[in-house]
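Peer 1: A single structure is presented below for examination.
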4 protein chains.
Amino acid sequence: MLSVSIVGGSGYVGGELLRLLLGHPHVEVRQVTSERLAGQYVYSTHPNLRGRTDLRYSPQSSLEPCDVLILALPHGSAAKNIEHYAGLGQAIIDCSADFRLREPETYSRWYGEKHPAPHWLERFVYGLPELYREQIRTTRYVSGVGCNATAINLALLPLVKAGLIDQTKPVVAEVKVGSSEAGAVANDGSHHAERAGVVRSFAPVGHRHTAEIMQAHGLENVHISITSVEMVRGALATCHVFTKGAVNERDLWRAYRAAAAEQPFLRIVHDRSGLHRHPEPKILAGSNYADIGWALDENTGRVVALCALDNLMKGAAGAAIQCLNLMHGFEETVGLEFSGLHPV
Amino acid sequence: MLSVSIVGGSGYVGGELLRLLLGHPHVEVRQVTSERLAGQYVYSTHPNLRGRTDLRYSPQSSLEPCDVLILALPHGSAAKNIEHYAGLGQAIIDCSADFRLREPETYSRWYGEKHPAPHWLERFVYGLPELYREQIRTTRYVSGVGCNATAINLALLPLVKAGLIDQTKPVVAEVKVGSSEAGAVANDGSHHAERAGVVRSFAPVGHRHTAEIMQAHGLENVHISITSVEMVRGALATCHVFTKGAVNERDLWRAYRAAAAEQPFLRIVHDRSGLHRHPEPKILAGSNYADIGWALDENTGRVVALCALDNLMKGAAGAAIQCLNLMHGFEETVGLEFSGLHPV
Amino acid sequence: MLSVSIVGGSGYVGGELLRLLLGHPHVEVRQVTSERLAGQYVYSTHPNLRGRTDLRYSPQSSLEPCDVLILALPHGSAAKNIEHYAGLGQAIIDCSADFRLREPETYSRWYGEKHPAPHWLERFVYGLPELYREQIRTTRYVSGVGCNATAINLALLPLVKAGLIDQTKPVVAEVKVGSSEAGAVANDGSHHAERAGVVRSFAPVGHRHTAEIMQAHGLENVHISITSVEMVRGALATCHVFTKGAVNERDLWRAYRAAAAEQPFLRIVHDRSGLHRHPEPKILAGSNYADIGWALDENTGRVVALCALDNLMKGAAGAAIQCLNLMHGFEETVGLEFSGLHPV
Amino acid sequence: MLSVSIVGGSGYVGGELLRLLLGHPHVEVRQVTSERLAGQYVYSTHPNLRGRTDLRYSPQSSLEPCDVLILALPHGSAAKNIEHYAGLGQAIIDCSADFRLREPETYSRWYGEKHPAPHWLERFVYGLPELYREQIRTTRYVSGVGCNATAINLALLPLVKAGLIDQTKPVVAEVKVGSSEAGAVANDGSHHAERAGVVRSFAPVGHRHTAEIMQAHGLENVHISITSVEMVRGALATCHVFTKGAVNERDLWRAYRAAAAEQPFLRIVHDRSGLHRHPEPKILAGSNYADIGWALDENTGRVVALCALDNLMKGAAGAAIQCLNLMHGFEETVGLEFSGLHPV
């Protein structure tokens with residue numbers, strides 16, 4: 001059994017990690033930390049785990065060595081203490097943005113401050129198995145991927161791999177997101193009477209995930225907007241891409257099939273009829289699937305590339321467990337078998 | 001023109017009062033107070049009023065005399081300073097719970113502390129025009145009515161007036177409420193990811209509005225539960241009443257028609273077909289209607305008496321303006337003509 | 001491996017049965033029928049199962065013998081053809097209302113027509129393991145339990161078992177339900193613009209589940225209302241009960257602990273602090289738990305007994321699988337391990 | 001008093017027209033037609049109008065001459081019978097898509113059939129007062145504007161008027177829409193359990209409103225996607241535009257102020273702080289405002305131009321009344337004064 005501890009376990013990613021690890025056949029959850037809630041049962045904040053575990057939160061000061069340390073901390077915390085964490089965990093999976101970018105300069109430009117541990121950037125592998133599976137298998141350090149970045153990364157993946165994108169034209173990517181993306185701490189903007197039913201331009205320009213997407217795919221002309229909609233979990237990326245030369249449905253089927261082959265969590269959704277012709281996040285709540293699909297406007301050469309996922313699963317905790325599985329030679333899908341619900 | 005000021009204008013009831021008063025043909029809004037937001041435009045917190053007014057919040061210290069002072073303060077504040085407010089406003093409408101109960105002892109029992117100004121209790125008229133219209137016309141002091149209390153009061157009104165209730169059996173009243181009832185201040189329970197989609201037993205027993213309902217109708221055996229559901233505005237009271245002797249549909253039609261006659265904001269909703277056979281809150285958002293109706297189980301003598309309303313309108317600000325109209329000899333419905341929307 | 005077929009697999013209960021059976025380690029899904037969709041992939045209507053199975057719908061005419069036949073048909077269909085189905089399945093689990101009542105007369109009174117196969121009524125065990133576990137272990141025929149009935153049955157269970165209910169006073173049970181209760185077929189009332197955000201009195205009196213609840217618990221004075229709220233899955237039963245003699249918190253803890261002991265899917269939720277002090281349906285989506293709890297008004301002797309569940313799981317498909325497990329000597333919880341999600 | 005009749009009054013646009021006309025001081029509603037519901041009270045389908053009117057639906061065969069005939073029919077119906085309608089109404093406002101495009105060829109290309117009355121196309125003025133106010137004042141025939149087209153038209157208006165758009169680069173416009181856009185007739189896709197909480201790519205490419213937007217603004221490189229989100233009323237257009245040369249915040253303020261000047265229903269929403277920094281549809285339900293705003297990425301020259309509105313109001317019925325006011329010399333805002341609600 002692999003011993004795994006979660007640092008920062010009281011947030012939504014922490015809760016989801018815990019749910020997955022408690023059901024994972026090869027894992028024993030050693031500790032879950034929270035400074036504020038030390039001593040309390042984890043189910044006080046993760047009520048779905050009532051009856052599932054008697055674990056209580058520990059303070060970070062009591063952290064013991066373990067096989068894998070998963071960091072689910074606010075951005076900036078992991079990098080500041082990475083040496084300390086590396087001394088405790090044989091392997092580290094960091095869910096924050098701290099180790100996603102390879103170049104310290106890129107980090108400074110997008111995050112507005114110097115990286116506190118720049119020499120660690122190259123030790124971390126970007127935790128997107130669909131792009132870096134082999135590197136993840138052999139590394140001890142994996143960084144998480146931004147939830148919106150994952151949605152855009154996977155939406156664009158088939159087109160990038162097939163070389164279909166006309167890079168002289170802008171790629172415009174809109175992500176519609178649920179409220180869980182903003183985390184578990186209440187604020188004025190999350191107040192239900194204000195947040196319910198909104199279509200709110202949360203980050204119409206300047207979203208930091210732009211940097212990691214351009215890095216992952218080697219693209220430069222990518223423009224992102226994030227819009228909050230009525231939903232708790234889930235994200236849908238709608239990416240407007242213009243193709244190099246004329247492209248038809250068969251070309252796209254070929255590109256998508258090639259991209260999805262041997263990817264256990266990529267499903268192609270592109271049906272001619274029915275309600276679920278395109279990817280949709282709502283049926284993915286709790287599942288690790290990323291559903292990808294497209295619509296083609298042959299007259300204009302625009303492809304609308306779509307990806308739906310659960311931001312707390314494939315966008316965060318699920319991807320982390322998928323990496324954990326790869327790093328330890330487990331079946332890639334173990335502990336991640338939940339199919340999602342319908343209707344929901 | 002009547003000069004009206006709102007004390008405590010930054011909350012949801014304050015915003016709704018302001019919306020109504022700005023559209024009221026016989027009223028000039030003099031001042032709107034907020035300590036925290038003094039100096040800021042009222043539309044910074046009430047975005048629907050953008051372009052409608054250039055009013056800014058004033059601090060209470062700058063309050064000037066006016067014809068009507070409407071108090072939209074947290075419970076307890078009005079009573080503590082009632083002498084001060086009475087010196088500023090020719091008339092006072094208090095939306096809080098401070099002056100609803102006639103007996104200081106009842107207040108102490110339900111609110112857990114001595115009333116700070118018990119001799120003022122008898123000067124206030126309970127602001128439910130459907131029961132106290134004539135008294136409201138001639139008083140200078142009107143208390144608001146709890147939003148849930150209004151829903152239950154009006155649901156029960158036809159049965160009480162017709163003497164149909166078997167008082168040896170309990171009256172069980174369930175109110176399903178939206179998130180705006182909890183006010184404009186964010187807290188852990190109002191965090192969207194936690195509050196969205198809930199069916200939450202907010203106050204299954206012990207709700208304070210019980211006291212004013214029993215007082216209003218002279219009933220003793222009333223049992224209330226409040227449940228929060230996914231909705232921002234609106235409340236539906238479902239009251240389970242057992243009748244004295246057998247009652248049929250015609251008896252109930254007669255009772256409801258008698259109760260609704262000459263009540264401009266009571267509508268009977270009791271249809272045999274269609275989607276809207278019973279009262280429903282969602283189509284009442286922004287309107288001052290209270291829709292009342294019933295279902296009868298002839299086998300058991302149970303009547304389910306229903307009342308839907310908008311908690312911020314008929315349950316608070318709308319009722320306050322209705323009282324203001326009565327107190328000043330205006331048409332009772334002036335400024336309250338909005339019909340509500342469908343679909344919505 | 002147990003071979004199991006689902007008759008009527010295109011509805012929401014059918015889809016949920018299929019999801020559970022596909023993940024069940026001791027079961028092989030043999031056939032899933034749908035007349036309308038025969039030949040189509042099951043994931044065309046159950047999009048969460050895309051990538052999980054290549055099963056297609058079969059017509060009923062092609063049904064083959066199997067170990068267990070689960071009937072997920074509209075009410076009335078199972079009873080009319082029960083001899084036929086009994087010839088095909090070694091065991092039958094019927095999710096409809098056809099075999100829930102023991103007395104043909106009770107059936108006629110509540111369902112308005114003669115039972116088509118009255119002699120079969122006594123062969124079926126009412127599929128509520130919390131009451132009839134031993135009988136279910138040894139029968140070949142199990143009837144489903146109404147989803148609302150399950151919520152009320154389990155809410156009342158601790159009080160009934162402890163003999164705390166004053167049966168001279170009415171038990172008033174309100175269930176708030178989501179839209180999936182109405183099934184998968186669109187109608188005017190399910191049209192999103194009309195159904196979204198409602199608090200709609202769906203069955204304020206006369207709900208048929210009353211009959212099975214009174215039968216299950218031997219109660220007579222039970223009064224039900226069903227209210228539709230904004231939610232897809234889930235039900236919360238709020239049952240107002242008056243106690244025989246004075247009851248305190250300790251009495252209730254004792255009663256609830258006794259009732260929940262050895263019941264793998266009953267969880268007591270009765271916390272003094274936190275957001276989830278009472279049972280709530282939203283965190284139960286996809287799980288087979290029934291969360292039970294209470295609130296006590298010591299002044300009036302009223303206990304508000306609560307039960308939250310997922311109407312498609314513990315209220316239908318999950319309970320069916322729980323019975324299947326019991327009938328075949330499997331671990332009662334196998335295939336039903338999903339804990340539910342938070343936040344959601 | 002102007003006599004106005006509505007042809008096709010049972011749908012959502014019809015209901016909204018009726019609500020507005022009943023409150024319009026210079027209008028008398030003569031007739032409201034519905035073949036299916038002839039003889040029934042209009043409030044049977046528009047429950048918000050209960051108590052407001054005793055009008056019943058008439059069959060079209062009973063239509064009498066009137067001053068203004070407003071057509072709220074399915075696309076295609078108005079054009080087929082335009083001669084008949086023109087014989088009944090002194091003026092005609094058609095809410096459908098039939099008379100929006102000037103060129104019959106453009107109509108054929110986007111609507112897939114020959115226009116049934118091409119010579120009428122030039123008689124109709126495109127009913128967008130913000131572009132065609134003077135023409136509307138003097139015409140007898142006004143066409144409606146697509147709800148999504150209005151959102152995009154008004155989002156782009158300031159940039160087009162100021163000549164800031166680089167037309168060599170694509171304009172990508174995403175509109176997030178509520179369920180009322182799909183009309184009042186239930187279908188599989190509008191079934192609540194399927195539609196609730198979706199983020200569904202309704203028309204990722206090929207939306208017909210593209211044609212009228214390009215015509216209105218003389219643009220060619222416009223690419224539209226429509227996404228359905230959880231909301232009943234409302235639309236938000238998010239338009240990604242690249243500017244000719246460098247543009248700064250001051251340039252944009254100037255462009256927006258110029259565009260909004262003297263436009264009574266355009267409000268600029270572009271705040272540095274607060275929750276409502278950008279336009280949002282939810283506070284516009286029932287109002288005729290179109291809120292416009294922007295976000296600028298100075299590094300890339302991308303402007304995200306935003307417009308929020310209520311699709312049934314500024315997107316349909318409200319715009320129709322605004323045109324009616326202009327055509328008859330009334331104050332442009334009369335009957336359209338409702339400010340919208342907050343919270344909601």
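Glycine too: its Cβ is placed from the backbone N, Cα and C atoms.
Quick paste from TrEMBL:
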{"type": "DOMAIN", "residues": "C:3-139", "note": "domain 'Semialdehyde dehydrogenase NAD-binding'"}
{"type": "BINDING", "residues": "C:S10, C:G11, C:Y12, C:V13, C:N311", "note": "NADP(+) binding site"}
{"type": "ACT_SITE", "residues": "C:C147", "note": "active site"}
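Mind running through what each feature is packed against?
Peer 2: According to its DSSP assignment, C:G11 (NADP(+) binding site) is coil.
For C:C147 (active site), the number of other Cβ atoms no farther than 10 Å from its own Cβ, over all displayed protein chains, is 26.
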Peer 1: Taking CB atoms only, which of the binding-site residues C:G11, C:Y12, C:V13, C:N311 fall under 8 A from chain A?
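Peer 2: The answer, in sequence order, is C:Y12.
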Peer 1: Around C:V13 (NADP(+) binding site), which residues of its chain at least 6 apart sit with Cβ under 8 Å of its Cβ?
Peer 2: C:A72, C:C95, C:L312, C:A316, C:A317
Peer 1: Suppose we call a site close when its Cβ is under 8 Å from a Cβ of chain D; which of the recorded positions C:S10, C:G11, C:Y12, C:V13, C:C147, C:N311 are close?
Peer 2: C:Y12
Peer 1: Taking only the residues the record lists as binding NADP(+), namely C:S10, C:G11, C:Y12, C:V13, C:N311, what is the largest Cα to Cα distance between any two of them, in Å to the nearest whole number?
Peer 2: 17
Peer 1: With DSSP as the reference, give the number of residues of the domain 'Semialdehyde dehydrogenase NAD-binding' (C:3-139) in helix, strand and coil.
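Peer 2: Residue counts for the domain 'Semialdehyde dehydrogenase NAD-binding' (C:3-139) by secondary structure: 55 helix, 29 strand, 53 coil.
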Peer 1: Let's check the environment of C:G11 (NADP(+) binding site): how many other CB atoms sit within 10 Å of its CB?
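Peer 2: Its Cβ shell of radius 10 Å holds 23 other Cβ atoms.
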Peer 1: Any idea what the Cα distance is from C:Y12 (NADP(+) binding site) over to C:C147 (active site), rounded to a whole Å?
Peer 2: 13
Peer 1: Within 10 angstroms of the C-beta of C:S10 (NADP(+) binding site), what count of other C-beta atoms is obtained when all protein chains are considered?
Peer 2: 24
Peer 1: Among all protein chains shown, how many Cβ atoms are found within 10 Å of the Cβ of C:N311 (NADP(+) binding site), not counting that one?
Peer 2: 30
Peer 1: Rounded to an integer, what is the Cα-Cα distance in Å between C:S10 (NADP(+) binding site) and C:C147 (active site)?
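Peer 2: Roughly 18 Å, rounded to the nearest whole number.
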Peer 1: To the nearest whole angstrom, what is the C-alpha distance linking C:N311 (NADP(+) binding site) and C:C147 (active site)?
Peer 2: 5
Peer 1: Test of understanding: give the count of other CB atoms lying within 10 angstroms of the CB of C:Y12 (NADP(+) binding site).
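Peer 2: The answer is 26 other Cβ atoms.
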Peer 1: Would you mind giving the whole-number mean pLDDT across the domain 'Semialdehyde dehydrogenase NAD-binding' (C:3-139)?
Peer 2: 97
